[in-house]
Amino acid sequence: MKQYRDHYFKRAKKENYPARSVYKLQELDKRFKVFAKGQNVMDLGAAPGSWTLFAAKKVGDTGRVLAVDIQSTDTAFPDNATFLQADVFEDSPELLAAMDKQLPYDLIISDMAPKTTGVKFADQANSLELCERARDIVPSRLKQGGHFIVKIFDGPDVKEYIDSLRKMFSKVKRFKPKSCREESKEFFIVGLGFRGIEG
């Protein structure tokens, strides 16, 4: 397993990505075809920036990527990507202005993850809280027909979370990329075709 992980780490370094997580997004795009040239994309939990770099490349010069993370990063981003260090749980004027500048979004992606404690229940609960925050950003900023990708730790509350997304999207899928560690509890939920919120 260590050799398997090292493969992705070395590949990321060779291809100038700051983290191996880029290959998870690459697999997600290959499976669900969520990216296109000219899109507006919001990347939550963006540091150190691999997903942002991949997204910027996929949307091209006519697209825009807004990357947000509570942590800073030294990664250099292309002109079509903007990185903002901010807490998504705090609606600061700077964060709201940055989010609203590119409205509407074609795609919102979230690789947000909590600092793990080793306590399974606590880690799952903290992951769910981040996923709920990402979901709450969707209604006012994702365009009709847009897509949503969110990382979540598997647990008893996942079904209820998925059910909430089914009320918002035409299709909702679970997907665990091959580049995820086999023993990892993380997987991704993909919402395709945003319809709005059912009343």
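Each Cβ is built from the backbone N, Cα and C atoms, and glycine gets one as well.
Per Swiss-Prot, the S-adenosyl-L-methionine site holds GLY49, TRP51, ASP87, ASP111; the candidate it also names there, chosen from ASP69, ASP123, ASP136, ASP154, is ASP69. Cβ-based neighbour count (10 Å, all protein chains) for LYS151 (active site, proton acceptor) stands at 23.
A distance of 13 Å separates the Cα atom of TRP51 (S-adenosyl-L-methionine binding site) from that of LYS151 (active site, proton acceptor). Within 10 Å (C-alpha to C-alpha) of LYS151 (active site, proton acceptor) lie the following binding-site residues from GLY49, ASP69, ASP87, ASP111: ASP111.
A helical conformation is recorded for TRP51 (S-adenosyl-L-methionine binding site) in the three-state DSSP classification. Highest local Cβ density among the binding-site residues ASP69, ASP111 belongs to ASP111, counted as other Cβ atoms within 10 Å over all protein chains shown.
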